[in-house]
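TrEMBL has this to say about the protein:
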- 36-168: domain 'MARVEL' (DOMAIN)
- 40-59: transmembrane segment (TRANSMEM)
- 71-92: transmembrane segment (TRANSMEM)
- 104-122: transmembrane segment (TRANSMEM)
- 142-167: transmembrane segment (TRANSMEM)
Amino acid sequence: MEEPQRARSHTVTTTASSFAENFSTSSSSFAYDREFLRTLPGLLIVAEIVLGLLVWTLIAGTEYFRVPAFGWVMFVAVFYWVLTVFFLIIYITMTYTRIPQVPWTTVGLCFNGSAFVLYLSATVVDASSVSPERDSHNFNSWAASSFFAFLVTICYAGNTYFSFIAWRSRTIQ
């Protein structure tokens, strides 16, 4: 018995050059905004990342779990450090231009404002928890972390100001 002939499926063949053409036109390349890092908000974000990293590494390198207040400082420092790195990537790659549905000026204002308030509380908790009697071999790291936390708080305050100016100019239009 003969097998019935199967219907041939239609296949699309492409050459390597047509594939490369289609691929290069269909995929989007990321833009890179080098000038953002030269602006004051860009410099403040870089300072927030560097100083924030110092805050949580200085505490993480000690026996901070013996002082419950440092748990709050670690949470705030690590949480906002990760989010600040995320926002830096969004600003450098100009991803915000590809997602116009998100009100980026409002998001930036809320992020920077909350970072300022929570970092201010973490700075106060950090500085008030440092005492040489408590654990003398961790004193220098904890004192340095409270100093850098204060500097990060100032950076977030500056970025909150710039975010407010951008947000206000956006809502007036």
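Our numbering is plain: 1 for the first residue shown, then up by one each step along the chain.
Glycine too: its Cβ is placed from the backbone N, Cα and C atoms.
Just so you know, TrEMBL annotations are computer predictions that nobody has curated.
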**Prompt:** Can you name the far-off residues of the same chain, 6+ from the ends of the transmembrane segment (142-167), with a Cβ under 8 Å from a Cβ of it?
**Reply:** 40-41, 44-45, 47-48, 51-52, 54-56, 58-59, 62, 64, 70, 73, 77, 80, 105-106, 108-109, 111-113, 115-116, 119-120, 122-123, 126-127, 129-130
**Prompt:** For the domain 'MARVEL' (36-168), what's the model's average pLDDT?
**Reply:** 93
